[in-house]
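Q: Before we start, here is the structure in question, set down as structure tokens.
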Amino acid sequence: MPKRTDIQSILIIGAGPIVIGQACEFDYSGAQACKALREEGFRVILVNSNPATIMTDPVMADATYIEPITWQAVEKIIEAERPDAVLPTMGGQTALNCALDLDKHGVLEKFGVEMIGANADAINMAEDRDLFDQAMKRIGLECPKAKVAHSMDEAWQIQSELGFPVIIRPSYTMGGSGGGVAYNKEEFEEICTRGFELSNNHELLIDESLLGWKEYEMEVVRDKNDNCIIVCAIENFDPMGVHTGDSITVAPAQTLTDKEYQNMRDASLAVLREIGVETGGSNVQFGVDPDTGRVVVIEMNPRVSRSSALASKATGFPIAKIAAKLAVGYTLDELSNDITGGRTPASFEPSIDYVVTKIPRFTFEKFPQANDRLTTQMKSVGEVMAIGRTFQESLQKALRGLETGNDGLDPKVTRFNDDGMAHIKGELQVAGAERIFYVADAMRAGLSVEELFRLTNIDRWFLVQLEDLVRTEAELAKRSLSELTPRELFALKRKGFSDARLAGLLGVAEKDFRRTRQAAGIRPVYKRVDTCAAEFATDTAYMYSSYEEECEAEVSDRPKIMVLGGGPNRIGQGIEFDYCCVHAALAMRDDGYETIMVNCNPETVSTDYDTSDRLYFEPVTLEDVLEIADKEKPAGVIVQFGGQTPLKLARELEAAGVPIIGTTPDAIDRAEDRERFQHMVDKLGLKQPANATARSXEEAFAKAEAIGYPXVVRPSYVLGGXAMEIVYDASELENYMTHAVKVSNDSPVLLDHFLNCAIEVDIDAVSDGHQVVIGGIMQHIEQAGVHSGDSACALPPYSLPAEVQDEMRDQVKRMAVELGVKGLMNVQLAWQDGEIYVIEVNPRASRTVPFVSKCVGTSLAQVAARCMAGISLAEQGFVEEIVPHFYSVKEAVFPFAKFPGVDPILSPEMKSTGEVMGSGDTFAEAFYKAQLGAGEAIPALEGERKAFLSVRDPDKQGVIDVARSLLGLGFTLCATRGTASALQQAGLPVDVVNKVYEGRPHXVDLLKNDXVAYIVNTTEGRQAINDSSVIRRTALARKVPYATTLAGANAVCLALEYGNAITVRRLQELHAGVSQ
């Protein structure tokens, strides 16, 4: 039966900011759903608080709301837009929870809105652990032995029945938030307490331990006529006990017998039928006991998920697009498969003739205090996917695509003495981010497959595959390049070995190895992802490399532009860069170029098969990019949009004759190299903070004294402020030097005088090489010293004098012309005591480009891509800066809740995973909405409220204004001695509270007794930061709002004065008033 005609308009709820457990895969699914439904003639209304998404581009929906995803804000949107239906299955857990809230508060009933894609009963049955357990019993399937607890007493009762270890999982959370494995009473108490706080219905499921069992996922799609297909069966390389988002996963499943697969297939279909998912995609997770073969259903997600994005990219079957069409009444047999050009219907189960491996990307280096062991709570921030003809090939491609400095199964332990072996065994028994490397090391040390299976519970089949790779490496290390025959070289490349790894094993330079390989005629061929194992022809150029005979690339002779993507998400390089790559591809396609995308991140829109004309799902490494460039012969390659990943390759690509368009690699180097940059700043007569470069510890101490403390120290060439710190004296610098010089890669350490209490500004600009147009000026809310990616910022600036802004515009334009920028450029400036200082210049895409584009209503990335391809700003009609008539605030979102031991203080090292945007007529309104969108607690506006203040000496004067504002808002004040004395001298009423080391009762006791509603706590110096970290960690755990900068505290006071009225505005209407 074709689509429904009784609904005309549909509200899609997005997933909000990127957080651990919920990343850009929901931008990919949401963007697909928007396209699919508009294709069918429906009016699409979208709400999503994340400006860095493609789905919030104003062209993707008829009405776009970048607003907080709370049921109260969405109610306002429903009231204004009157949709007929709401589709909550495209925005992850955020959208499901919001839809359930709308249902619970009677909003859907009040406005006559139908929930499509999944109904409230099905969502509740899948999400409510008790109901799900009962449902499985009804269809004769087993769940892990488990019971639901609503209180600590019930939890202890259940634990006594199940024993230890037990697995704890809260209801209605994603990414395993608040869950964990408890081996003893102390851990049990801690995990349950945290779990109860995070579950929105105060409910925990306590399971028997399935640690060491095999884990599988089935991606299933079902329509209303009960047609069901399995899109993909995914097997976890890591056994149960590691969250599936943190596991290495492989598709199709490798170690199931056909009978086991059919049983699991039947079971997953039965689960969907029982839960009542009638229209769309779901994923069902199974555990299998390797000893007895017992199968249990672990859980199911009645929505598009992280693994469905992976399954879509792995098979070419667009689950989100199909699910959206099923939600409006189509059946699978009525929909055709795009990849085969409609030659097959969507009811054909995909079959694949290759192996896909996904490996998660972790950023534990950002959180040294965090527990880096992998458990049932997800900790990875991104992932990489690779496709090969064999498991070995796809695994090795994925390992080099991770960009963690590994070219393959690189050794982590070099000496197999007692200490080395103890370290290896520890890493094998309790999984960390690099366990697979330690498995290889254990094999090098002589452990057998059987011993490794006992230590890790990783299936023997995978271990045998790894053993073969390790053995091959050991044999190779005894030989020289000159004695290898072409046949042997070909066999090595078929196993997925990278040129760099083979060169390392053979003791030659990578480029010499590559020359020898190519001279022997050993080159990759490109195969197509076609959903049907080459049974039908495919018109879609979605490709991966392999070492085989026949190439399916079918290269055209059209002029081509190649865009290099950013690889896996990580803190410091996320969805914002993918957004820029997508926009570059769209602009170039519109201008008549054939567009080629190279990337290996399965979550993103850039790796959707219809974003570009040709997609190469390949690691973004020199070897892989050179081979594609040689095959395609593009007219130009864009390396400036994907963050550091492609930029790192720029020089070598250029040297190999690859045509890089836009700002030259030399100009990029001029901006990034300290000494060359200094020359440029001096030449233009601009100012920089006093700075120096040190190549040894002694030199660092001498130069730090000369430029004066406090100083910011960092290694050269970093993104996201890796290993960047503020040091306040020589002992802190010494401490830093012992840790940081390791990451310096023989490159020096940079020292800058730190501009205390300066206002920091970010400016994005576009240049065509002659003319420069400012994209937007953003004023940071936190003072200098907080990484620009972590600071909230406002556009237009809310307190920066107009003449200062004009001078900044002038400086940016002069620098762009001097550097010969062609494309995007981002400049960070600071204003202190009437002087403007240049902090840094990046002649490339920055993470603020999507936010600025949403504010001004013009895609800066598209304008810049056209400049790079030789179309001037005048020809594009983009000749003057657009200053919006409304305020927008970008707020960062942090993963601290996933890492309970980490101090949530902001520093020059970037820690945020995502961002939200709030807009309003005033700065206060925009800031308030950004806080709501970020899920930040905002102090209550009524009742008895106490604010606790404890600030560093330089802030003692400034805190008086904050205290006055808080008193005016009805707060009572308490403060530590020094701060209290400053407030008392200003005549303000305040109670004195002990610092933690001054005796009880102290500040943390107050917090734990729920006696504090708001905290302002600023510190400087390593000792003071350590002393006060318990205050911030306790505030975070107890959801008490806090500010760690005075500027942040002032902004919160303004937001509180604004009140809590919720207004919603359509992005298209906002933009109508800002056109040039």
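Keep in mind that glycine also has a Cβ here, set from the backbone N, Cα and C atoms.
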Q: Write down the one residue from E705, E818, E840 that Swiss-Prot lists together with R714, H753, L755, E760, G785, V786, H787, S788, Q828 as binding ATP 2.
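A: So, going by the record in Swiss-Prot, that would be E840.
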Q: Of E208, E215, E299, which of the binding-site residues has the most Cβ neighbours inside 10 Å?
A: E215
Q: Indicate whether R129 (ATP 1 binding site) is helix, strand or coil by DSSP.
A: helix
Q: E840 (Mn(2+) 3 binding site) to E215 (ATP 1 binding site): how many Å between their Cα atoms?
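A: Given the Cα positions, E840 (Mn(2+) 3 binding site) is 47 Å from E215 (ATP 1 binding site).
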Q: Reduce the DSSP letter at E299 (Mg(2+) 1 binding site) to three states and note it down.
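A: Going by the DSSP assignment, E299 (Mg(2+) 1 binding site) falls within a strand, counted as strand.
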Q: Any idea of the Cα spread of the ATP 2 site, R714, H753, L755, E760, G785, V786, H787, S788, Q828, E840, as a max distance in Å?
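A: Greatest Cα separation within the listed binding residues comes to 18 Å.
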Q: What is the number of other Cβ atoms found within 10 Å of the Cβ of E840 (Mn(2+) 3 binding site)?
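A: E840 (Mn(2+) 3 binding site) is surrounded by 14 other Cβ atoms within 10 Å.
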Q: Which binding-site residues are spatial neighbours of N301 (Mn(2+) 2 binding site) here, meaning Cα within 10 Å, out of R129, E208, E215, Q285, R714, G785?
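A: Close binding-site residues: Q285.
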Q: Write down the Cα-Cα distance for H787 (ATP 2 binding site) and Q285 (ATP 1 binding site), rounded and given in Å.
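A: Taking the Cα atoms only, Q285 (ATP 1 binding site) lies 39 Å from H787 (ATP 2 binding site).
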Q: Take the C-alpha atoms of V242 (ATP 1 binding site) and E299 (Mg(2+) 1 binding site) and report the distance between them in angstrom, rounded.
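A: Counting only the Cα atoms, the answer is 15 Å.
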